[in-house]
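Colleague: One structure is given below, represented as structure tokens, and several questions about it will come after.
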Amino acid sequence: MNGPDGPSCHQQDVSNTEAAVKRLGQEDIKEPEVKISKRFGRGAVQSGLTHECGVFAAISTGEWPTQVDIPQVICLGLVALQHRGQESAGIVTSEGKNARSFNTHKGMGLINNIFNDEAMKKLKGNLGIGHTRYSTSAASEEVNCQPFVVHTAHGALAVAHNGELVNASSLRKMVLGRGVGLSTHSDSELITQALCLNPPEGETDGPDWPARINHLMRLAPLSYSLVIMLKDKIYAVRDPYGNRPLCLGKILPLGSSFLTNGCAKNGLEEKPEGWVVSSESCGFLSIGARYVREVLPGEILEMSRHGIRTVDVVERPADKQQAFCIFEYVYFARADSIFEGQMVYSARMQCGRMLARESPVDADIVSSVPESGTAAAHGYARQSGIPFMEVLCKNRYVGRTFIQPSTRLRQLGVAKKFGALSENVRRKRIVLVDDSIVRGNTIGPIIKLLRDAGAAEVHIRIASPPLKYPCYMGINIPTREELIGNKMDPHQLAEHVGADSLEYLSVEGLVSAVHYNMKTTPSDGVGGHCTACLTGEYPGGLPEDDW
């Protein structure tokens, strides 16, 4: 059946589909600023950055029904990923028996408000996937909530996606050209429908899902991390460039030595009760899981009741390096997550150390704009020898959608989010460390708040380079016209926001800091990072003209 409910999976001629979408990186390169109309003001975020979303999947091993509460594991996993998206969330589960229907619950808002006791009782299952969303490529509406579910000739299929397809326009035209109806503008629905296309080599005995996923990955090389659920299996997929994060963990028995003292009982690993996949590892301990490794760039990982196995690895072009988003380290990820063998917190501290070497200043105290700037501020303090002291108290109960009913209250906007610790501030020369500056709307009011509290000097140090280019891979970095880094140099920006001085970390300093504690080296294409928003060098070239 074609239409919003999804396509059939009958044999389809796809011989020309790859040619239709192999435009990524092969078109004439144009300046990023020409692509403005579809990105300007995206998401209506006035300051800061927002990530598109987080994905999570869990499956129990052994005999079903399982003793592991898989829906609760997924819900808690999504709570740990709440920082990656606060607009909507969803969970889809399967009991592993019925190929025709899944248990689904989705809604707008925060996870704890969506998944109440009544909703959780309906989400029975031995496996499932979940998603928490911030929109970049489609509107913030309930129709775009994920995971997406379609009903195919071979049963139900559910997909959750983190990222943004760089060649979405060509893929959309190809899918629509096959007579498939699309009910949303979401890349995730597009992925779901594209998975229902038979691979070029054909299928002889039912659907070959690894081959279909491989076909999709060749049609759309980036950017995504995916979890794909069938009746009794889950596939975890990361794009060949490794642009978006995805990691694997194992659910261990309660009381496991791995969860108590980190040592294996009698030197042997205990048999896992299940497996989980997540955008970040930060929630693993809270659900009784142990971090195992990252899903490799291009890897298709199959999860079943029998365990896990790699069924395929889709290679990127030989002349291309891995391009993991470097802003996961700077801003997006939770500090206790692990990427590339290191904790995010340690990378942020090293950014602060590098910043202190590159941009020293005479001051009395070092502080931060809480909370993502705090690790870098500690690094700056340790490197410079200037003591760290808190100067801002954050109100954690003010959300992004706080109502501002008057011009006066809008002008005082930062005051609702921060309070100044006046006893720490008065007559002090302060180095204030923040993670990034996007539009420059927030830092000025913070400086004024500190000066009103009696600060003698305020020196701003930014633990990342200036943002100068938009992102086309799932981050709401806006157009070049909206980025303050393209309008003012550091001296001009310092004067504009009322700082005594302002300096950024260099691109070289950021890359060096991220590589400092990595367990791998950036040789042979491993450990490469996407710095497109800083340098304009996009890993797969710029997107299509009509994107």
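Cβ from N, Cα, C; glycine included.
Here the structure is a predicted model, which means the values were calculated and not measured.
For reference, TrEMBL lists these features for the protein:
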ACT_SITE  Cys53  active site, nucleophile
DOMAIN    53-306  domain 'Glutamine amidotransferase type-2'
BINDING   Cys325, Cys471, Cys530, Cys533  [4Fe-4S] cluster binding site
BINDING   Ser372, Asp434, Asp435  Mg(2+) binding site
Colleague: Would you mind ranking the binding-site residues Asp434, Asp435 by how many other Cβ atoms sit within 10 Å of each Cβ and giving me the lowest?
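Modeller: Per-residue Cβ counts within 10 Å for the binding-site residues Asp434, Asp435 bottom out at Asp434.
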Colleague: Taking only the residues in the domain 'Glutamine amidotransferase type-2' (53-306), give me the average pLDDT of this model.
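Modeller: 89, rounded to a whole number.
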Colleague: When you measure from the Cβ of Ser372 (Mg(2+) binding site), which residues in the chain that are at least 6 apart have a Cβ under 8 Å away?
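Modeller: Long-range Cβ contacts: Tyr331, Ala335, Arg348, Asp435.
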Colleague: For the Mg(2+) site (Ser372, Asp434, Asp435), what does the 8 A shell look like? I mean other same-chain residues with CB within 8 A of the CB centroid.
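Modeller: Surrounding the site, in chain order, are Val330, Tyr331, Ser368, Val369, Gly373, Ala376, Val433, Ser436, Ile462, Ala463, Ser464.
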Colleague: Compute the mean position of the Cβ atoms of Cys325, Cys471, Cys530, Cys533, which form the recorded [4Fe-4S] cluster site, and then list in sequence order the other residues of that chain whose Cβ is within 8 Å of it.
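Modeller: Nearby residues not in the site list: Asn243, Ile326, Phe327, Met473, Ile475, Ile477, Thr531, Ala532.
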Colleague: Do me a favour and check the Cα-Cα span between Cys471 ([4Fe-4S] cluster binding site) and the residue listed as 'active site, nucleophile'; whole Å is fine.
Modeller: 15
Colleague: Output, ordered by sequence, the same-chain residues six or more apart from Cys325 ([4Fe-4S] cluster binding site) with a CB under 8 Å from its CB, or 'none'.
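Modeller: Correct list: Asn243, Arg244, Pro245, Phe332, Met473, Ile475, His529, Cys530.
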Colleague: Which ones in the same chain are close to the residue listed as 'active site, nucleophile', with CB under 8 Å and 6+ residues apart in sequence?
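Modeller: Looking at Cβ-Cβ distances below 8 Å from the residue listed as 'active site, nucleophile', excluding near sequence neighbours, one finds Arg84, Gly85, His131, Thr132, Arg133, Tyr134, Gln146, Ala160, His161, Asn162, Ser279, Gly474.
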Colleague: Go through Cys471, Cys533, our binding-site residues, and report the one whose Cβ sees the most other Cβ atoms within 10 Å.
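Modeller: The most densely surrounded of these binding-site residues is Cys533.
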Colleague: Between the Cα atoms of Asp434 (Mg(2+) binding site) and Cys533 ([4Fe-4S] cluster binding site), what distance do you get, rounded to the nearest Å?
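Modeller: That separation, Cα to Cα, works out to 18 Å.
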Colleague: Taking the Cβ of Cys530 ([4Fe-4S] cluster binding site) as centre, how many other Cβ atoms lie within 10 Å?
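Modeller: I count 28 other Cβ atoms within 10 Å of it.
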